[in-house]
Amino acid sequence: MSAAHTNVVADVISGPVPAEAVPQDHDVVEERKEEKKYARQNNDQVVVGAAVDLHDSDEPTDEEYKTLRKVPAGMKWACIAMCTVELAERASYYGCQQIFANFVNNPLPDGGNGAGAVAKGAAGLNQSAGALGMGSVAATAVGQTFTFLAYTIPILGGILSDTRWGRFKTLCVGVAIGALSHVLLVIPAIPKVLAEQPAKSHAFPAFMIILIILAFASGMIKPCLGPMLCDQSPVKRPTIITTKKGERVILDPQTTIARYFLIFYWCINVGSFFGLATSYAERFVGFWLAFLTPGIVYMIVPVVLVIASKSLYKAPPQGSVVLESLAVMREIFRRGGLRKIFKPNEFWILAKPSHIAEQDGGIDTHKVFWDDRFVDEIRQSYAASAVFFLIPVFLLADGGIGNAENDMSTAMVLNGIPNDVFNNFNPLAIIVATPILTYGLYPFMEKIGYPLKPMTRMCIGFLLGGANMVIGAIVQKKIYATSPCGDFATNCPAGVSTVSVAWLIPLYTIPAVGELFVLVTSYELAYTRSPARMKGLVYAICLSNSAVAAIVGLASAAAIVDPYLTNTYIVLAALCFFLAPCFPIFFKHLDQPMFDFQDRERMEGKHQQDFFAKHAQQEDGELAYNSNHGRMEDISEKV
């Protein structure tokens, strides 16, 4: 082997490679077939058929990517199945969650049926359903604890799905736990149990145990469904295609993922609208029926999973990938990364095998068992996480400030309407707004050349959250001004304020639209900017924003009471308006498009196996490390 041969570095990224020179395995061919089959976009249906092969289509140049319109692919059956599972699971989850506050907060209504329902006739017009009568602080504590667990446990679920069980098995385990919890949840709401006095000493312990079980079920399901939906996308790389109208457009993977998450979030809220049924069930029949009906809906989930199982792509677990990411950080700090923490390029290069090999003259694969690209993926995840840390502020403005909005409703004129029915205006607004954004605003902005990039969307969402808090402060101040008890209106024995409960509608609808800009964008960032083998964990970290908001709500529950409710709204409004412009100013780099976030070879760990198998040949000159590609390249036949 000549010296010249030994020093050659195979670079297959920087220059164009003829199609015939690229090896095609079975998986790649199948992916191309999928792209051809599912390249659809509303009325701009792509001209694909037997004579058109997307493998021969053009991948866009940088200029074409900037100028051509980007369109998403359609949804295959496996994607629709995942959305159906999410719809049914969220219907059961929110159908129960939305009535927890009344179950814990309010006592059994005078003249009611003993199951929590209000009295019949005029006596029950301004009553609220109740059972345990433990008060607002306890209700807030229970609700926030449940939310905290339901959005913290997904981190465990994400780790299990990435490292041990895979997404599908983890999902199935969560579904089984959820089925058990829904059956048990009816028990503490049985009239005979509630009749035992005091009810809270008998029903409450069982209720809390079952809530923890339900939170574990959600924790296994949540980190798997979203990533598994996106795993089914048939579009793996940007490709120029031609619509039936003759327009050249780009079938874009990131645009496809954004569309998928919008539809996914729409399904979540169609499901959560089921809370309307449980609100009326608790009010007119009792809590046993209100908890039973979500359990019945939940049984759709295992049926769909069984039917769809064979159609799903199931990314395999990747063993020690979480430890691998920690080892990357350990290597960085071992090599003096702390001194370079504010110099990102110099900081992250310390863990790249190409840099380590150059500095040390070789690589110890017992200590360095990743490739350059994995380090870049970790870097992208950390960049996205900086945005995730700000989202709890929006969530607090989106009904996350303890039990404040429920307290507000109990001080208003109800006229026979359940006080917690207004929670359902949140999903209703999302159900209406999602198709407007998905098929109206976003395509229109793309068509005129001003697409709404991720950080712009985040900014809009926070502005909506701030506007919502301004309205909340105004309404709360008006309630205090018109209540017989003045600034202590929530549990006023003399009556309620003259303010109509209809004023709650904007407090639920405005931040709901904001969710489509903030939360859906965060899901997109979590999936597209996470390592191929760690998508479940990073997605779970994104979801944990709700847990952080719940902690804040729980910690401040005792303070978010009369007469300080107005101040709470004012503080959150100021925070939202302050943070809104920070996204396009300080996080503009996250607007850069991602192209290779769905590499199935990396998701299945094939590049990792390649790194170990071929590294030993490097000393013989058969391989050179390609820092662009982030893997070992065999050059013996290319020189």
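Glycine residues also receive a Cβ, built from the backbone N, Cα and C atoms like all the rest.
What TrEMBL records for this protein:
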- 171-190: transmembrane segment (TRANSMEM)
- 202-221: transmembrane segment (TRANSMEM)
- 260-281: transmembrane segment (TRANSMEM)
- 287-308: transmembrane segment (TRANSMEM)
- 382-401: transmembrane segment (TRANSMEM)
- 421-442: transmembrane segment (TRANSMEM)
- 454-475: transmembrane segment (TRANSMEM)
- 503-525: transmembrane segment (TRANSMEM)
- 537-561: transmembrane segment (TRANSMEM)
- 567-587: transmembrane segment (TRANSMEM)
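The highest tally of CB pairs under 8 A with the transmembrane segment (567-587), across 287-308, 454-475, 503-525, is held by 454-475.
Under the criterion of 3 or more C-beta pairs below 8 Å, with sequence separation of 6 or more, the transmembrane segment (454-475) and the transmembrane segment (171-190) do not qualify as touching, having fewer than 3 such pairs.
Put simply, of 202-221, 382-401, 421-442, 503-525, 537-561, the stretch with the most CB pairs closer than 8 A to the transmembrane segment (171-190) is 202-221.
The transmembrane segment (421-442) makes contact with the transmembrane segment (260-281): 3 or more of their CB pairs lie within 8 A, with pairs spaced 6 or more apart in sequence.
Tertiary proximity for the transmembrane segment (202-221) is limited to same-chain residues at least six positions away from its ends with a CB under 8 Å from its CB atoms, namely 89, 93, 96, 100, 103-104, 131-132, 134, 142, 145-146, 149-154, 156-157, 160, 170-171, 173-175, 177-178, 180-182, 184-185, 187-189, 193-194, 196.
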